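Enquirer: I'd like to ask you about the structure that follows.
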Amino acid sequence: MSATTQEKGLNYKVKDLSQAEWGRQEIILAEKEMPGLMALRQEYKGKKPLAGARIAGSLHMTIQTAVLIETLTELGAEVRWSSCNIFSTQDHAAAAIAKAGVPVFAWKGETEEEYWWCIEQTLFFGDKGPNMILDDGGDLTAYVHEKYPKLLSEIRGISEETTTGVKSLYKLLKKGELKVPAFNVNDSVTKSKFDNLYGCRESLADGIKRATDVMLAGKVALVCGFGDVGKGSAASLRNFGARVIVTEIDPICALQASMEGYQVLRVEDIIEQVDIVVTATGNDDIITLEHMKAMKDGAILCNIGHFDTEIQMSRLNSEKGVTKKEIKPQVDKYTFPDGKSIVVLAEGRLVNLGCATGHPSFVMSCSFTNQVLAQIELYNNKYELGVYTLPKHLDEKVAALHLEQLGVRLTKLNQKQADYLGVPLNGPFKPENYRY
């Protein structure tokens, strides 16, 4: 047996259990800002729709995720958890969950080896394996398919949180390698158009400012990618007064960016002039070593896509003559042989979680309410192999659960108006193919 599997079945591994009370107080605060999850607890109180579910979870171990985990357990599930990023864990959140009796394996600053060890620990429920997977980014899903394929026969479904993981699911499906039905939570409107857009609009600038104390007003910023995450990122910087330039491969997204007032160029057109570079593409090698060498002295480089492949960090770290100096955790200055330096945040990983605390609780309530509904749906109903999205009526339900807290009063159709539009009186109000 490997050193990893010899240690399987541990109850938890966190950085500092003494932080549990701090974490618990922040969880209580977050619950007030997460009306969707709290409403599901009330709706299913006593019904336990996840009784018997053994959920292996891999998702950023934050305060907001703690509220998700405790919602799953209140609905009857048994849960084991790891983070999906080596820097994203909030140690007080992990401590609070461990203290509450949920097996959690996560701490900020894991090594790559520790990261995969933590993921493996989510798979051992005594003498049983998981029968559900809740994933963010696809690492847990891929790990089970590659390392523990025997567990797949017991797994009823996978719910995937983010764009990168969804791409991976569709790739597996296309190649005939996906063995379990999955829900694409990311493409729920109340996830992608809220978490990806409005969440990034607040959390990107938060991460950059906490890391560097830089004033964004007047700076020239380059945002690579103008999908939902890129749209939120560009708005985040613009709202603080930065002049934002966008790169895109997609003519539709490029046209959207231009009509929002952003200049759309190629990286090589502008890299020498920008003060801040943010990657938000979900792709590889967006910022190359050559780009980094061409950047202004003191420029800031960061990523808000799921993985660290968007910036060529391995080439930067191995380049002869380049020196690295840690300014503080997750803030590193790289100096080139010509004397110029750049500041790289979170080692090229998610800057909003590596250098700050991620998205606000309210918008994560939208995302995580989708996750809970997907888990209930997959656990209680048998799906054929495929990748599915939540039906429109559940998407609208997620939105509705968050309106009262914002003081929203919905207009109600009468029957004549509903008939005229050709929609049910109480929704869904849009066809499945409607683009918000």
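Glycine is treated like the rest: Cβ placed from N, Cα and C.
Swiss-Prot feature annotations, pasted as is:
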type: BINDING; residues: Thr62, Asp136, Glu161, Lys191, Asp195; note: substrate binding site
type: BINDING; residues: 162-164, Asn196, 225-230, Glu248, Asn283, 304-306, Asn352; note: NAD(+) binding site
Enquirer: Just jot down the residues in the same chain as Glu248 (NAD(+) binding site), at least 6 apart in sequence, with C-beta under 8 A of its C-beta; none if empty.
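Expert: Listed in sequence order, they are Gly225, Phe226, Ala254, Ala257, Val264.
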Enquirer: Quick one: of the binding-site residues Thr62, Asp136, Glu161, Lys191, Asp195, which has its CA closest to the CA of Val229 (NAD(+) binding site)?
Expert: Asp195
Enquirer: About how far apart, in whole Å, are the alpha carbons (Cα) of Asp136 (substrate binding site) and Thr162 (NAD(+) binding site)?
Expert: 6
Enquirer: What is the nearest of the binding-site residues Gly227, Ile304, His306 to Glu161 (substrate binding site), using the Cα of each?
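Expert: Among Gly227, Ile304, His306, His306.
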Enquirer: Within 10 Å of Lys191 (substrate binding site) (Cα-Cα), which of the binding-site residues Thr162, Thr164, Ile304, His306?
Expert: Thr162
Enquirer: My understanding is the cutoff is Cβ-Cβ under 8 Å with a sequence separation of 6 or more in the same chain; which residues meet that for Asp195 (substrate binding site)?
Expert: His359, Val363, Met364, Cys366, Ser367
Enquirer: Measure from the Cβ of His306 (NAD(+) binding site) and count the other Cβ atoms within 10 Å, all protein chains considered.
Expert: 24
Enquirer: Between the Cα atoms of His306 (NAD(+) binding site) and Thr62 (substrate binding site), what distance do you get, rounded to the nearest Å?
Expert: 16
Enquirer: With DSSP assignments reduced to helix, strand and coil, which class does Thr162 (NAD(+) binding site) get?
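Expert: For Thr162 (NAD(+) binding site) - judged by DSSP and reduced to three states - the answer is coil.
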Enquirer: Which residue among the binding-site residues Val229, Ile304 has the fewest other Cβ atoms within 10 Å of its Cβ, if you could check?
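Expert: Candidates: the binding-site residues Val229, Ile304. Fewest Cβ atoms within 10 Å: Val229.
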Enquirer: At a 10 Å cut-off from the C-beta of Thr162 (NAD(+) binding site), count the other C-beta atoms across all protein chains.
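Expert: Total other Cβ atoms inside 10 Å, all chains included: 26.
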Enquirer: Need one number for the substrate-binding residues Thr62, Asp136, Glu161, Lys191, Asp195: the maximum pairwise CA distance in Å, whole number please.
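Expert: With Thr62, Asp136, Glu161, Lys191, Asp195 as the binding residues for substrate, the largest Cα distance is 17 Å.
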Enquirer: Pick the one among the binding-site residues Thr62, Thr164 whose Cβ has the fewest other Cβ atoms within 10 Å in this structure.
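Expert: Candidates: the binding-site residues Thr62, Thr164. Fewest Cβ atoms within 10 Å: Thr164.
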Enquirer: Just the number: how many Å between the Cα atoms of Gly227 (NAD(+) binding site) and Thr62 (substrate binding site)?
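Expert: Counting only the Cα atoms, the answer is 25 Å.
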